[in-house]
Amino acid sequence: MEHYSLAQLSKALHNREFSSVELTQHCINKIQSNKDLNAFISLDEDQALKEAQSADLVLKNGEGKPLTGIPMALKDLFCTKRLNTTCASKMLANFQAPYDATIVTKFKQNGAIIIGKTNMDEFAMGSSNENSYFGSVKNPWDRERVPGGSSGGSAAAVAGNLVPFAIGSDTGGSIRQPAAFCGISGIKPTYGLVSRYGMVAFASSLDQAGPFAKSAEDLAMILHCIAGFDSKDSTSVDRVIPDYSAEIKKPVDKIRIGLPSCFFQPQVEKGIQDAIHDAVKLFENLGAEIIEIDLKLQPLWVPCYYVIACAEASSNLSRYDGIRFGHRSKSASTLIELITNSRSEGFGNEVKRRILTGTHVLSTGFFNAYYLHAQKVRRLIRDELITTLNSVDVIIGPTTPTTAFKLGEKINDPIQNYLADVFTVAANLAGLPAISIPTGFENKLPIGLQLMGKHFSESRLLAIAHHYQQHTNWHLANPNKQG
């Protein structure tokens, strides 16, 4: 079952080759036998099996939808009525939301079975999934290495064949970077395409939900399910959603690919540079036009991103004061002590670091110098990317400058962790869609290829990624069968 695509799983379930109960139990067994990955924070086994039984009845009557009866995992920052929503933080370790996030409701309406919620960096702040109150997640390809972050649990669950697909969030690369490190496919949609209602906020102008799966074809199937306008999300865009699964099957011709020289810097591992150049050659052999482009503002991407992201995090996380919800300190005799102690005890070191940074850049005397300046630079970055994408279909490059690094290797060096996002943050700053797909290995560790496109060009982006995967087998590699 674990080698089936989503379309194949759906067809097999509809043809009654095996039942949803059998598939769901298979996933539960895989999760239980791979607990050392630490990919999940919570499981809902009994409810998942009940929903699988219901799905089998629907399928028996020939009334199922494409995702009916297929188990999935959800990053633990999407609100769910049944399961706690912890954000991998002591602050919310026992928090149970009174409602379901829109994305959860959509999956339920489409018959998917939420089997559990995955581990992550605390409040989605991190690039290694080592900043979790519930412990680090391990990479299925090498259990001594990180899976990437912040959606590391979701990526590890898919790469380890624990579930067919999973949902994550991407604020500066938190879907694409783990997808690259774990050798799977992941897409960050255009800002506003997928509802953020019920997704706990890190940086509201940057956050976007998106799927992990083995292939671009699978991503198209999931994205069609979750995309669309939501009146509960003021940033949601009201536009017609195409059938992405149908769109990617159309002929892909006259592809214009932008290749930035600034993506091939000395700090990018040579094996990664070679893999990207090989991918570019393959596209060229398939008839694509390769156009060298110059992104002059690329050196400003990371500093601009971290000023804005930390500022928004500081504002968003001010709601956790130990009074209305979240961890409440037991060692406080005054209101100020209650708030101070609750936040000191409830937040981890990386979250505290970003709150302090954000508060600093928003403070009197520094607002104009840092935050306002970063917002101006953000507009320039956005304009440069949009102008560039008027002459090419996609911008190609590595998803990350390195392959997955060892657990603990960079935990005490936040700057090195932040630089893991050097190629991914721009898509968030500009609100553009971007996808990471597997494109080779270096020392038996996966390499990710990133494609970034115009606003709402998901159909084209997925089609190009699918075109690449039709001519390569990298996305079929399995960590359980390596060397």
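Yeah, the Cβs are placed from backbone N, Cα and C, and that goes for glycine too.
On a predicted model such as this, the values are computed, not experimentally measured, just so you know.
For reference, Swiss-Prot has these:
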ACT_SITE  Lys75  active site, charge relay system
ACT_SITE  Ser150  active site, charge relay system
ACT_SITE  Ser174  active site, acyl-ester intermediate
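When other Cβ atoms within 10 Å of the Cβ of Ser174 (active site, acyl-ester intermediate) are tallied across all protein chains shown, the result is 36. Its Cβ placed at the centre, Lys75 (active site, charge relay system) has 31 other Cβ atoms within 10 Å. Less than 8 angstroms from the CB of Ser150 (active site, charge relay system) sit Met120, Asp121, Ala124, Met125, Gly126, Ser127, Asn129, Asn131, Gly168, Ser169, Thr171, Ser174, Pro178, each of them six or more residues away in the same chain.
The DSSP secondary structure for Ser174 (active site, acyl-ester intermediate) is coil.
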